[in-house]
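Structure, as structure tokens:
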Amino acid sequence: MKDVLTKLANANHLRFEEMQQAARELFAEDVTDSEIAAFLIALKAKGETAEELAGLASIMREVAVDIPVSGTDFIDNCGTGGDGSQSFNISTTAAFVLAGAGAKVAKHGNRSVSSKTGSADVLESLGVPLDVSTEEIATLLETNGIAFLFAQRMHPRVKQIMKVRRDLRIPTIFNLIGPLTNPVPLKTQLLGIYREDLLETIALTLHRLGRKRAIVLHGACGMDEASLAGTNQLVLLDQGELIRFSLHPEEVGLSVAPIEAIRGGTAAENAEILLRVLRGEAGPYRDTVLLNAGIALFAEGRVETIREGIERSAESIDSGRALEKLQYLQRMKQQEAIG
């Protein structure tokens, strides 16, 4: 680890293989908290490359639990966090909308680290069980079209690193890495990031990790989700080709709204917002979910345009299918209680 830290301190990039070796040392039982902290801070100061991100993500996936699924026709939608927007859980809400529209969503997430409420926190508040087995996850993906993969259970080797991250209280490479380490083999991904300068880097990383299609976006006002507040920046990865474009909500039939209109709160408050959206309540919360779900459906290739994706997302909510996907997961908890 000393050689790696020296190289990073001198602002030298690591090759893919060097990062893989550094990752193996990072996940070793004898690594110290100070070594982890030094690695995270040095890498953040230098700036992450696609090779470094892919190298670390590949080892995290290598040491993750195995999910016994067949095929690769799965999508994940998530943000990196770290944008400081204090918004509600947009991607978690949108995940149920995607499933209601026919996508198979392997929703990979965690408790809050650098934000107020993580996806695991809000789902737990809704009564969705987090401690499901890998076999149950595979079954849920097949029968319900959506399953939640609790990152702490998927990546047991990262427990010590999570502790250091919480102590640091700043965004690190693991904000970027988390969304890249889904143990389910994904065909498509929608990934929102808090740093516009990393759009192409993350898209190249996804290509290196085998994604066929993906969209990486940076929202208006610095959000890690597509925003109604103004123009959003996106990069489409399509079979290895990168296409950058911008998107304003009015271009796809949605009204502009400030980020203050989608503020979240505690896990319980965000759970209530999620339910209001899935039950059909109109307003900026719903429109933000429609925008993000519509982009994800376009990324997947399920629709030809983002506007069409928004229409399909609205149908998913208004038909009740999105809410049914959540209720299916909630019933698992009830069945556990009954025994």
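The chain as shown is numbered from 1 upward.
Backbone N, Cα and C atoms are what each Cβ position is placed from, and that goes for glycine too.
Taken verbatim from Swiss-Prot:
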type: BINDING; residues: Gly79, 82-83, Ser87, 89-92, 107-115, Ser119; note: 5-phospho-alpha-D-ribose 1-diphosphate binding site
type: BINDING; residues: Gly79, Asn110; note: anthranilate 1 binding site
type: BINDING; residues: Ser91, Glu225; note: Mg(2+) 1 binding site
type: BINDING; residues: Arg165; note: anthranilate 2 binding site
type: BINDING; residues: Asp224, Glu225; note: Mg(2+) 2 binding site
_Cβ packing number for Asp224 (Mg(2+) 2 binding site), 10 Å threshold_ = 28
*Closest of the binding-site residues to Asp224 (Mg(2+) 2 binding site), Cα to Cα, picking from Gly79, Ser91, His108, Asn110, Arg111?*
Gly79
*Count the other Cβ atoms sitting within 10 Å of the Cβ of Ser91 (5-phospho-alpha-D-ribose 1-diphosphate binding site), across every protein chain shown.*
25
*asked:* Can you check which residue among the binding-site residues His108, Arg111, Arg165 has the largest number of Cβ atoms within 10 Å of its own?
replied: His108
*Integer Å distance between the CA atoms belonging to the residue listed as 'anthranilate 2 binding site' and Arg111 (5-phospho-alpha-D-ribose 1-diphosphate binding site)*: 12
_Greatest C-beta neighbour count within 10 angstroms, which of the binding-site residues Ser87, Asn110_ = Ser87
*Given the binding-site residues Gly79, Ser87, Ser91, His108, Asn110, state which is nearest to Arg165 (anthranilate 2 binding site) when distance is taken between Cα atoms.*
Asn110
*Return the residues near Glu225 (Mg(2+) 1 binding site), defined as same-chain residues 6+ apart in sequence whose C-beta is under 8 angstroms from its C-beta, sorted by sequence, else 'none'.*
Gly79, Ser87, Ile90, Ser91, Gly192, Leu217, Gly219, Thr288, Asn292
*How many neighbouring Cβ atoms, not counting its own, are there within 10 Å of the Cβ of Gly79 (5-phospho-alpha-D-ribose 1-diphosphate binding site)?*
30
